[in-house]
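Participant: Dropping a structure here in structure tokens format, bear with me for questions.
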Amino acid sequence: MKKYDRKIVLDIETTGMNPAGCFYKNHKIIEIGAVEMINNVFTGNNFHSYIQPNRLIDKQSFKIHGITDNFLLDKPKFHEISVKFLEYITNSDLIIHNAKFDVGFINYELNMINSDKRKISDYCNVVDTLPLARQLFPGKKNSLDALCNRYKINVSHRDFHSALIDAKLLAKVYTFMTSFQQSISIFDKNSNLNSIQKNAKLDSRVPFRSTLLLATKDELQQHMKYLKYVKQETGNCVWLEDKYN
């Protein structure tokens, strides 16, 4: 599979989902939010659209995203934004958390407007961050909220779920996960110090990814906070000793 430097981080909101059977059948997408990163740098080239679903929103879903039926009355339908959306994601690595959900809905919408039955994977690579999170944090909660809390990413501005806001949060989470895959377990205060140092030695034999060099100032400050936290909890932090003293 070809990998692209261009990463599109995506999230959607929907009218709801079915608790049994096909989870997306007869439900619709009501918001798509996506942000573009190149070499882990936000470009500002975002995609965002609310969508008129031509059906009512389930009460439980409204409690999650706060989007009302009346708000969507004058919004475009999916087929009206589909061409622009597909052009936007073409030739990219499409980063999604729990991709089965989003991809299922998007393919369902595409199948209703396209006779050729093309899928989203025909336009881009789909990368699911949930399996990666489970690999890094086995046995722990790995929802987007849990990951933001684990990485100390500020979500105070987020009263409801929003596709665009959640896409931006996931982009930050993805940057952390892919930049520090070997050493990320140090952020768990219950990690064994010997394991931490072993991981550090393993990391020292692997060149840093270029994306790490392009981390933003805020991301570097957040990483430094983690390192200081490790030292406070364990009494030692090999990263601070070797690289920052």
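A Cβ is built for glycine as well, from the same backbone N, Cα and C atoms used for every other residue.
Marked as active site, proton acceptor by Swiss-Prot: HIS161. Residues or ranges marked as divalent metal cation 1 binding site in Swiss-Prot: ASP11, GLU13, ASP166. Residues or ranges marked as substrate binding site by Swiss-Prot: ASP11, GLU13, GLN60, HIS65, ASP166. Marked as divalent metal cation 2 binding site by Swiss-Prot: ASP11.
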Participant: Compare the Cα of GLN60 (substrate binding site) against each of the recorded positions ASP11, HIS161, ASP166 and report the nearest.
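Facilitator: In terms of Cα distance, GLN60 (substrate binding site) lies closest to HIS161.
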Participant: Between ASP166 (divalent metal cation 1 binding site) and HIS65 (substrate binding site), what is the CA-CA distance rounded to a whole number of Å?
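Facilitator: Distance between the two Cα atoms comes out at 11 Å.
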Participant: Taking the centroid of the Cβ atoms of ASP11, GLU13, ASP166 (divalent metal cation 1 site), which other same-chain residues have Cβ within 8 Å of it?
Facilitator: ILE12, GLU31, GLY33, HIS65, HIS161, SER162, ALA163, LEU164, ILE165, ALA167
Participant: Hey, of the binding-site residues listed (ASP11, GLU13, ASP166), which one tops the CB count within 10 A?
Facilitator: ASP11
Participant: In Å, rounded, how far does the Cα of GLU13 (divalent metal cation 1 binding site) sit from the Cα of HIS161 (active site, proton acceptor)?
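Facilitator: For GLU13 (divalent metal cation 1 binding site) versus HIS161 (active site, proton acceptor), the Cα atoms are 8 Å apart.
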Participant: Return the residues near HIS65 (substrate binding site) by Cβ distance under 8 Å, restricted to its own chain and a separation of at least 6 in sequence.
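Facilitator: Same-chain residues close to HIS65 (substrate binding site) (Cβ under 8 Å, separated by 6 or more) are GLU13, ILE30, GLU31, PHE160, HIS161, SER162.
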Participant: Taking DSSP three-state, what's HIS65 (substrate binding site) in: helix, strand or coil?
Facilitator: helix
Participant: Tell me, how many other CB atoms lie within 10 A of the CB of HIS161 (active site, proton acceptor), whichever protein chain they belong to?
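Facilitator: HIS161 (active site, proton acceptor) is surrounded by 18 other Cβ atoms within 10 Å.
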Participant: Which three-state DSSP class does GLN60 (substrate binding site) fall into?
Facilitator: helix
Participant: Within 10 Å of the Cβ of GLN60 (substrate binding site), how many other Cβ atoms can you find? Include all protein chains, please.
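Facilitator: For GLN60 (substrate binding site), the count of other Cβ atoms within 10 Å is 10.
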